[in-house]
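Data block below; observations after.
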Amino acid sequence: MRTSPRLSLNNGVLIDQLGFGLYKVPAAEAEGLVATALAAGYRHFDTAAMYGNETGVARGISSQLDAGSGSGGSGELFPPLSREDVFVTTKVWNDHHGFDATLRAFDDSMVNLGLDYVDMYLIHWPCPRRGLFTETYRALETLYREGRVRAIGVSNFQPAHLDRLLAGAEVVPAVNQIELHPWLQQEELRSKHADLGIRTEAWSPLGRGQVLADPVIQACAAEHGRTPAQVILRWHMQLGNIAIPKASSEARIRENLDVFNFELSARDMAAINALDRGQRTGSHPDNVN
Ligand SMILES: NC(=O)C1=CN([C@@H]2O[C@H](COP(=O)(O)OP(=O)(O)OC[C@H]3O[C@@H](n4cnc5c(N)ncnc54)[C@H](OP(=O)(O)O)[C@@H]3O)[C@@H](O)[C@H]2O)C=CC1
Ligand SMILES: O=C(O)C(=O)[C@@H](O)[C@H](O)C(=O)CO
């Protein structure tokens, strides 16, 4: 059964607020991890052409389609999982910017994923020096109008990139997927997204694991009898972010989804909000081309 609540995107499409990220997961391992995550209750998967694992993600999903979607081995019977229950995001990589190249990249991703449609297609990075993201986005709008993708959006867009995109766009991006965790809280972007009706999606929501050691997070976890990962993911949920943590073991996969039965107080939220130090674990979007 689905565990995460769903949020409505700006076109009414629903997305699970907590999904599963697949960066640096080899295709052969993706199959097993996706199957494990589905059995645990995840229904939202974040991949990309650049991750090289779309075929493994597809195999993991199809291994569970029409199978009982058990949520914990209790022997209960659940309805079979169908394609419509699963939300799959993939992304066009930087070397396929441009209208025709993006349409070709999308076709390749569809073949890899073996799907009739993709739930969400994103521009992975704006690549400002290539100067092609508006043209790339026109290809996404075409795919959206053709019904091949249910929602389109961007990733790693800075405020100026969004302004430039929106000046010529017909479809407001459904999400901007950005690096976001307690050490990099992206307040300016979050408030711009809220004004524009764009959902904020947090990549590296655990700061690639680095933020787990933060003493404030550790103290909060001890106080609630939770793990540091659960505290950080709960913080994301209470802020209204979509978050896509990656994990490599069944125990962590389940732990990260088990965040919907406790609440951080206003004091906890304020203490975590005070941890922002503008610290990236990945590249600055202006430097990726
Ligand atoms: N659009 C973009 O440009 C980007 C998108 N992404 C997306 O975001 C996803 C998540 O980001 P990612 O960079 O993977 O980083 P995360 O913040 O999700 O952290 C993942 C790291 O935390 C560890 N971890 C996960 N859960 C736990 C836990 N419960 N306890 C202890 N350690 C834990 C993992 O270890 P282990 O794996 O060993 O379990 C891994 O080392 C990616 O997989 C990808 O889908 C990421 C980067 C850029
Ligand atoms: O994971 C992704 O989707 C990425 O694009 C990156 O992790 C990226 O390659 C990066 O952060 C490099 O610093």
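Including glycine, each Cβ sits where the backbone N, Cα and C put it.
Source: prediction; values computed, not measured.
Features reported for this protein in TrEMBL:
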- TYR51: active site, proton donor (ACT_SITE)
- HIS124: substrate binding site (BINDING)
- 24-276: domain 'NADP-dependent oxidoreductase' (DOMAIN)
- LYS91: site 'Lowers pKa of active site Tyr' (SITE)
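Secondary structure from DSSP puts the residue listed as 'substrate binding site' in coil. Neighbour counts of Cβ atoms within 10 Å were taken for the recorded positions LYS91, HIS124; the minimum is at HIS124. Taking the Cβ of the residue listed as 'active site, proton donor' as centre and 10 Å as the limit, one finds 22 other Cβ atoms among all the protein chains shown.
Over the domain 'NADP-dependent oxidoreductase' (24-276), the average per-residue pLDDT in this prediction is 95. Distance between Cα atoms for TYR51 (active site, proton donor) and LYS91 (site 'Lowers pKa of active site Tyr'): 9 Å, as a whole number.
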